[in-house]
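Feature annotations, reproduced from TrEMBL:
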- 15-159: domain 'Flavodoxin-like' (DOMAIN)
- 21-26, 68-71, 106-115, Asp141: FMN binding site (BINDING)
- 215-455: domain 'FAD-binding FR-type' (DOMAIN)
- Arg359, Arg391, Ala392, Phe393, Ser394, Gly425, Leu426, Cys427, Ser428, Trp605: FAD binding site (BINDING)
- Thr469, Ser524, Arg525, Lys530, Val531, Tyr532, Val533, Gln534, Asp567: NADP(+) binding site (BINDING)
Amino acid sequence: MQGSPGRTPMPNTRLLVLFGSQTGTAQDVSERLSREAWRRELGCRVQALDSYPVVNLINEPLVIFVCATTGQGEPPDNMKNFWRFIFRRNLPSTSLCQMDFAVLGLGDSSYAKFNFVAKKLHRRLLQLGGSALLPVCLGDDQHELGPDATIDPWLHDLWEKVLGPHPLPLDLSLTPPGVPWPSKFTLKFLQEVPSTCSEELCVTGTDPQGPPSELQPFLAPMVTNQRVTGPSHFQDVRLIEFDITGSGVSFVAGDVVLIQPENTASHVQQFCQALGLDPDQHFTLQPREPGVPCPARLPQPCSIQRLVSQYLDIASVPRRSFFELLACLSCHELEREKLLELSSAQGQEDLCEYCTRPRRTVLEVLCDFPHTAGAIPPDRLLDLIPLIRPRAFSIASSLLAHPSRLQILVAVVQYQTRLKEPRRGLCSNWLASLDPGQGPVRVPLWVRSGGLTFPKTPDTPVIMVGPGTGVAPFRAAIQERVAQGETGNVLFFGCRQRDQDFYWEAEWTELQTRGCLTLVTAFSREQEQKVYVQHRLRELGPLVWGLLDLRGAHFYLAGNAKYMPADVSDALTSIFQEEGGLSGPAAAAYLARLQRTLRFQTETWA
C-alpha cells in the first residue's frame, strides 16, 4: 500500500531538526529534511536552535543539527545562546546518552576554519554521550554543484541509518516522487482591494523599536550612486552612499550592511504572465498547520505584485527540490517526464548541465515548462520558490570620518554563460539601476557584526591585503584608526590598471603624505608579467615578518575566494621560512597560530 498525502506520520518516530542559519541556507536545508522525512512517514519538527528549549535535548531520541559557519569560525546569530549552553563545562558526560544525532555543516572551503562550527558541535555531542549516526557532513559553497554535492549522498546514508532501527511498517512504503507534500500555506484572495497605506505600514514601521533589523529594516535615502571604474573598464563598480540620520544604525570597522533587493519590473511581469497571476490581486496568507509562522517580513494583506517583486527569488538558480515539486504539480505528460528526470538522483548530471552550470534561473525554468507553470496553484508559490535573501556588503566608511553616512563599494555582477541572456546579480544590478538624481530613492537596510574585528589595543599595527573590492572593509578600518590616532596601517592593494580601477587613489595618497598609511600597490596588467598582491608581499617579506613577529601585528585578507587566499597564505609561509628561519612545518604552525588567535582573519566570497 502506497503512502498518501492524507496519512499521518509514524507515531513512534520523533525526528527533530535544529538549525543555525545566517543567510537562510541552513534553514532551507532543514526544510528539505522535513519534506524527506514526510515521504518516509516520519514525524518531524524544524526549529532554529535559539528558539528551542535546549534543556529538552535530554528527552530527544533523534536530532539532526544543520549549522552554518560564519566569519572566523563563529556560529550564526540564531544559535549563539545554544552554543554557549552546550559548551558549559559542568554538563555531565552522560547528558545525551539517549540521543542519536547527525550534524550537517554548511561552509566555504576558502576559509581556514571551514565548517568549524559543525565539526566542533559533532565532537561536543559525542563528549556529552550522544551517538553519531554518521560522520559530520561538510557542505561546501566552493564546489561546482554547491553544498548539494555533499548533502545529497549524505542524506541518502542518513535515511538508511534512521530507518534501520525504525523501518516502515509492512503496510506502508516510501511516498512516490509524483505525490506532492502538503503546502505550508494557503493564499486567501480578497474581493476588495485594501488601502495601500495599511500595506506600507506593515513593512516600514514608522515607530521602530530598537535598531533596524531584518524584520524592520531602515529605509535609507540613497545620497549618491557613482561609478568608480573607468569607462573602458570591463567591470562596473559603484561607490554608493546612504544617509542613516535618525536610523539608530551604528557600526564599527569590519561590520557589514544587509540590503534587501527587489526583482526587476520586467521579470515580475514575465513571471505573472507565465503563471497566469493578476499582479493587482490582494491576498492574506494562512498556515495550514497550527504553530507554523508566516514569513516574518510579508505584510498582511499583500498584493501579488509585491509578493513577486520583493519576496520571491525568481532570479535564483533552483535546487533539485524545486524540480521535484514542479514535477508533482505538472499535468503535462512530456514536461512532467522531463522534470522527473531532472529531479531524480540519477539525473544529477543532467540537472547540473541544464541548470547549475549555465546558472539558469527559476523564472527561465518556468518559461521552459509553460504548461506546468500555468497550472501552478498560488498556494504553492512559497513552497516552490525561496524568499529573496538579504545581501551582505562590507561597510566601506567609518562614522568617525563620515557621520550619519554609510558607504559601500559594489561590483555589479554580470557575466556570460552558454545562455544567450547575460547572468546578472540580483542585488548589485538592482542597486546600480537606482538613480537618486532622478528623485528620492530609499533602500531597506540594517547592520550586523562582520567577520573582521580589528585590534582594540593601541599601537598594534595592522597589515591589510585587499585586492579589488576586497579593499572596502579596510577603508573603513583605516578611516577609523586614523581618526583614533593609529598610524601603523599597511595596505596591500591590487587591481588591473592604475587609471581604471584604483579605488580611492587620492585618499590613500593623502594619508601616505600625512604618515598615516603605508600603501603597496600591484597593478596586474601594467607590465608583461602579471603582478599580484602575493608578489608584493614576498618582495616586502622583511617588513611583513618584522611587523608580525616583533610588533604583534594583525593580518587581514579580503577579496575573491578562488585563488587569492591560498596564494597569500603560501606567500606568508614562504616569508616565515625565509625571514624567520622557520622550517616548513614550523612555518605552517606559525600561520595556524595566527589564525587561531585571530591575528590572521579573512573575509572572502565566491
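Cβ coordinates come from backbone N, Cα and C, glycine included.
Features as recorded by TrEMBL, highlighted on the structure.
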{"residue": "Ser21", "record": "FMN binding site", "CB count, 10 Å": "22"}
{"residue": "Gly24", "record": "FMN binding site", "CB count, 10 Å": "16"}
{"residue": "Ala68", "record": "FMN binding site", "CB count, 10 Å": "29"}
{"residue": "Gly71", "record": "FMN binding site", "CB count, 10 Å": "22"}
{"residue": "Phe114", "record": "FMN binding site", "CB count, 10 Å": "18"}
{"residue": "Arg359", "record": "FAD binding site", "CB count, 10 Å": "16"}
{"residue": "Ala392", "record": "FAD binding site", "CB count, 10 Å": "21"}
{"residue": "Thr469", "record": "NADP(+) binding site", "CB count, 10 Å": "25"}
{"residue": "Val533", "record": "NADP(+) binding site", "CB count, 10 Å": "26"}
{"residue": "Asp567", "record": "NADP(+) binding site", "CB count, 10 Å": "15"}
The domain 'Flavodoxin-like' (15-159): DSSP-derived helix, strand, coil residue counts: 58 helix, 36 strand, 51 coil
Alpha-carbon distance [Tyr111 (FMN binding site); Asp567 (NADP(+) binding site)] in Å: 13
Greatest C-beta neighbour count within 10 angstroms, which of the binding-site residues Ser394, Ser428: Ser394
Surrounding CB atoms that lie within 10 Å of the CB of Arg525 (NADP(+) binding site), all protein chains: 13
Around the Cβ of Tyr111 (FMN binding site), the count of other Cβ atoms that are within 10 Å: 24
Integer Cα-Cα distance in angstrom, Val533 (NADP(+) binding site) to Arg359 (FAD binding site): 31
Lowest local Cβ density among Leu426, Val531, which the record lists as binding-site residues, within 10 Å: Val531
Site diameter for NADP(+), Å, by largest Cα distance between Thr469, Ser524, Arg525, Lys530, Val531, Tyr532, Val533, Gln534, Asp567: 19
Number of other Cβ atoms within 10 Å of the Cβ of Asp108 (FMN binding site) across all protein chains: 20
Rounded to the nearest Å - Cα separation of Phe114 (FMN binding site) and Ala392 (FAD binding site): 19
Mean per-residue pLDDT computed across the domain 'FAD-binding FR-type' (215-455): 93
FAD binding residues Arg359, Arg391, Ala392, Phe393, Ser394, Gly425, Leu426, Cys427, Ser428, Trp605: largest Cα-Cα distance, in Å and rounded to whole number: 25
